[in-house]
């Protein structure tokens, strides 16, 4: 093995946030503008001797509605006032400003951190008191969400990243922070989908793929990658380790929206699989404000469907009995506005309940080691047999 | 964006396990040899009118010992008989043979699957009865482990993969199934560490790195990658999303063993962090037989240490109180044979208990956004201040 020559540098210790000059992107400048406006509003209220207050769009279920024409979840117009001179609101008012100031510091220094990192960045004991700014992360997370809706900025624009899990391979070349990533040459490991995939981080360079196959689990993804499914079917293959993290959802949205690639999903046949599909398709109820940048209303549910048990001639031993929670969840999901009036979905969920059992994608292995990659998925794609 | 030209192929449906001719690696041939010998032993016992039985190395704690000279966990010589003509053992005897036959099928077809996949592959109702071969995966997993020790084959050699989580960037070029992966050009996402990283899958092509920095969490890894720590310090940067999966541990072992790279670990200062370090260093007690191929006895614990609270001048608000389980776990870990006689570790664990609180790596952000990458780790590396 050859020794690769690399200049060895000694790091310069630095007390400041950054030792290098930061070049702000247009997105960063816009975010800093919003953050500065927020701060200015406090000053201007003070100058007018008015009480400083924020009008925060309400994030409760009552303020979430399903936009039928755009087929995504969105927030209504309700807002909640948060005032500095109100004993019940003063703490959360100050926490909101503290979070804004933390995010400004991140954006200005060209760095990102996790929501846990921001929590620690803001956490301190207020001088001269025993009062802490935040007692735990459960207190800071909703404040970050408030800030997102207040500024109409995605978390990623505030330089906050989520977990990084999920991988990609397939017929696409990306630019990731200056590095060219050819996803058709990523071996068995694949490219780790970053948490922040905004346009200034990830650019699509070349794409010859016809569609995206998104599978639920990394173990299923490994089967598809090993069989070079993406090569045979000229597609992109992704997974999100269960419920996909924000980076994966945003990337699917961009692949669908910018490159017009259809997104096909392969999940377990259980209420959790339906739910993950629903989140990818319409957005999450808790974070409805993100849907326009995250949801993929066109995503198709390729399987597994409740009828597959008979269609694929599976052995009774692969059945996993539904429990009470499963039945309850399935009935809730059947009432989601985007499933409620769809006969296909009503039939699917009714069949699951009638079956009385769940099915995992892995169960298809009983029909052949590569049945799922060589028959199940190709047949459904060819026959255009999916739920929408 | 340019459209990448790719020939579109239509997949050939195939009922057999593989439509392509399989080229077995030397490792595969060895594994098939062991599996065939196992089957032959049944035949030869029958021919000699002897009862077929297996002598399975005992995987209980009583048969695990710490090898002081090699500094790894290893199994003792105790075995347990498993007989076909014994009412208590017949089922597990047949399950063991079924697992062996499933693995042979995998190896011969050049495919791999998860332990859940193998479970489904083996699971069926025995003809003419209501008896199932396996009632759930909790029954098949220990059988797989039995097979590993019986054949002295790692799970990966039996073509079984584990979860894929963990990423890598840095100054190394690999070959992964024919694709060249330059880990210094992997952007913000990084290379997803595969579950199987044996020599016939992953070859090291060029490595200029001086060491490996392994961090516990993906969110901390993102901070180090964003600051291009691996470039400034000429190293490789890995994480394992908490307790590293087998692929990550095996890769660390290979980087240390074949490329002689020191492995430095950065974990939270809590019993869980100590435990993860212990697994990387000495192996896991449950799977002691893997240690010689997985453990890195030379791995160093760079931090966080209990004294860092004072050394780094952290704010009291970052403390997370130890609970009873933490205290119990810490005392257990202090008695591990590889920590028991080390003054540094005894002092470390005593200090944690005296502090009465845990510390997360993320807490260092209160000293500066990049304090951990620009001061904390570089200082410890320079001063060679670590626990061993």
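Count begins at 1; order follows the chain as displayed.
Using the three backbone atoms N, Cα and C, a Cβ is placed for every residue, glycine included.
Bear in mind that TrEMBL entries carry predicted annotations, made automatically and left uncurated.
According to TrEMBL, the protein has these features:
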{"type": "REGION", "residues": "A:1-29", "note": "region 'Disordered'"}
{"type": "DOMAIN", "residues": "A:92-159", "note": "domain 'Spo11/DNA topoisomerase VI subunit A N-terminal'"}
{"type": "DOMAIN", "residues": "A:211-381", "note": "domain 'Topoisomerase 6 subunit A/Spo11 TOPRIM'"}
{"type": "BINDING", "residues": "A:216, A:268", "note": "Mg(2+) binding site"}
Number of Cβ atoms other than its own within 10 Å, given for residue A:268 (Mg(2+) binding site): 21
Residue A:216 (Mg(2+) binding site) CB neighbourhood, other CB atoms within 10 A: 24
Helix, strand and coil counts within the domain 'Spo11/DNA topoisomerase VI subunit A N-terminal' (A:92-159) (DSSP): 44 helix, 4 strand, 20 coil
Per-residue pLDDT averaged over the domain 'Topoisomerase 6 subunit A/Spo11 TOPRIM' (A:211-381), given as an integer: 94
